[in-house]
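Asks: Annotation source TrEMBL lists active site at Lys11, Asp141. Feature annotation from TrEMBL assigns domain 'GHMP kinase N-terminal' to 67-149. The annotation ATP binding site is assigned in TrEMBL to Pro99, Val100, Ala101, Ala102, Gly103, Leu104, Ala105, Gly106, Gly107, Ser108, Thr109. According to TrEMBL, the domain 'GHMP kinase C-terminal' annotation covers 220-290.
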Amino acid sequence: MRSYSLIAPAKINLYLEILGDRPDGYHELAMILQSIELADQIEVRAIGTDTILIHCDHPQVPSDSSNLAYRAVELMAKVFPDAFAKFGGVEITIKKHIPVAAGLAGGSTNAAAVLVAVDMMWQLGLTQPELQDLAAQLGSDVPFCLAGGTALATGRGEQLNSLSAFNSLYVVLAKDRNLMISTPWAYQAYRSEFGHTYVRDTQSLESRAHRVHSGPIVNAIRHKDGSQIGRLLHNDLEKVVLPTTPQVAQLREAFQSSGVLGTMMSGSGPTVFALCESEAHAQEVRQRVRGMIANPDVDFWVTRFSTRGIQIVSSVT
Ligand SMILES: C[C@@](CO)(OP(=O)(O)O)[C@H](O)COP(=O)(O)OP(=O)(O)OC[C@H]1O[C@@H](n2ccc(N)nc2=O)[C@H](O)[C@@H]1O
Ligand SMILES: Nc1ncnc2c1ncn2[C@@H]1O[C@H](COP(=O)(O)OP(=O)(O)O)[C@@H](O)[C@H]1O
């Protein structure tokens, strides 16, 4: 039976600006997404029946049709019914290393990996734009997870422009394991407090330029300038999460006082990350902040920027 083993990396958001509400209920964004080496391992195996089975070693990850990996196979089966009839269903095993509901796109990257595996398993030969289009139907962050590296994302986050990828920066991640933040809640809270309608068609490029402020950080990324990148980190969702979740604000302050290049909440949180120039410094910061926080429920990870998205590690055909 065919099987594929894949690596599905997490992401952090170096920049997240909310430009306004969209008529479809989403928010118009200007974001910079960055892959990191912290990753889940995904096995996708043909099972010759018409079922989809999910196994995951993490108690908070569903194994039913609400799992994004399940939804990825379901979407492929709907779009390619003949291939599904010919090759049958799949069994997916997810080894979770990415914390769940953490703002690190764990579910999205699992779904992206499954799209890649099913494309190969069903011998579809899809192009990158075709895969990206399917990915966007599964979630706003899924197209980025497929491509990986460093990208400027617009629209609801699915329109990508890749930036020069580099892996020389190290990342310390911290998350209280009792805290989970729902992405729809974070956007809804932002809309209630700061919402304003964004009508793309009537916006000239010039008026858009007045609202999007990602230029300096894009420039810093082009120059691989770690100190500038650290200084220019930005996330509008912090405006609703920091006041309601003091643990996040506290972690951010602890990193801030530890001599890092910069610190920010990732996506809708609650993970806070800090950027460092070297692995030794990142390990030192992890130790120092662990001591300052004195909360045994906070987990830490040291990882680094990655230039890659979904990677196929091995296949049996
Ligand atoms: C906040 C971010 C930052 O990268 O990531 P996470 O914190 O979830 O990792 C993303 O914008 C999340 O992307 P993703 O999790 O794929 O979102 P989706 O499944 O498409 O949408 C989940 C919900 O978030 C809200 N949403 C999402 C994207 C967007 N541009 N506007 C929104 O308002 C909507 O309420 C939507 O129903
Ligand atoms: N394959 C999956 N991995 C992780 N979470 C998943 C998956 N499928 C569905 N979920 C659910 O999606 C929600 C968001 O999880 P996740 O994708 O890890 O976070 P985020 O959207 O903050 O990046 C959680 O409630 C989780 O139970």
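Residue numbering: from 1, along the chain as shown.
Keep in mind that glycine also has a Cβ here, set from the backbone N, Cα and C atoms.
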Asks: Among Lys11, Ala101, Gly103, Ala105, Gly107, Asp141, please name the recorded positions whose Cβ is nearer than 6 Å to ligand 1.
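Replies: From Lys11, Ala101, Gly103, Ala105, Gly107, Asp141, counting a Cβ under 6 Å from ligand 1 as near, the near ones are Gly103, Ala105, Asp141.
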Asks: Which one of these binding-site residues, Ala101, Ala105, has the sparsest Cβ neighbourhood, judged by other Cβ atoms within 10 angstroms?
Replies: Ala101
Asks: Whole-number answer please: how many Å between the C-alpha atoms of Thr109 (ATP binding site) and Asp141 (active site)?
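Replies: The Cα atom of Thr109 (ATP binding site) is 8 Å away from the Cα atom of Asp141 (active site).
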Asks: Round to a whole number and give the Cα-to-Cα distance in Å for the pair Pro99 (ATP binding site) and Lys11 (active site).
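Replies: Each residue's Cα considered, Pro99 (ATP binding site) and Lys11 (active site) end up 11 Å apart.
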Asks: Do you know offhand how many angstrom separate Gly103 (ATP binding site) and Asp141 (active site) by C-alpha?
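Replies: Gly103 (ATP binding site) to Asp141 (active site), Cα-Cα distance: 11 Å.
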Asks: Can you go through the recorded positions Lys11, Pro99, Ala105, Thr109, Asp141 and pick out those with a C-beta less than 6 angstroms from ligand 2?
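Replies: With ligand 2 as the reference and 6 Å as the Cβ limit, the list reads Ala105.
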Asks: As a quick check of your reading of DSSP, tell me how many residues in the domain 'GHMP kinase N-terminal' (67-149) are helical, how many are strand and how many are coil.
Replies: 52 helix, 6 strand, 25 coil
Asks: According to DSSP, which kind of secondary structure is Lys11 (active site) found in, if we only use helix, strand and coil?
Replies: strand
Asks: Going along the chain, which residues six or more apart from Asp141 (active site) have their CB under 8 A from its CB?
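Replies: When sequence neighbours closer than 6 are ignored, Asp141 (active site) has Lys11, Leu33, Ala105, Ser108, Gly157, Gly267 within Cβ distance under 8 Å.
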Asks: Counting by DSSP secondary structure, give me helix, strand and coil numbers for the domain 'GHMP kinase C-terminal' (220-290).
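Replies: Final tally across the stretch: 40 helix, 11 strand, 20 coil.
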Asks: For the domain 'GHMP kinase N-terminal' (67-149), what's the mean pLDDT in this predicted model?
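Replies: Summing pLDDT over the domain 'GHMP kinase N-terminal' (67-149) and dividing by its length gives 97.
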Asks: Which one is it: of the binding-site residues Pro99, Gly103, Gly107, which Cβ has the fewest other Cβ atoms within 10 Å in this structure?
Replies: Pro99
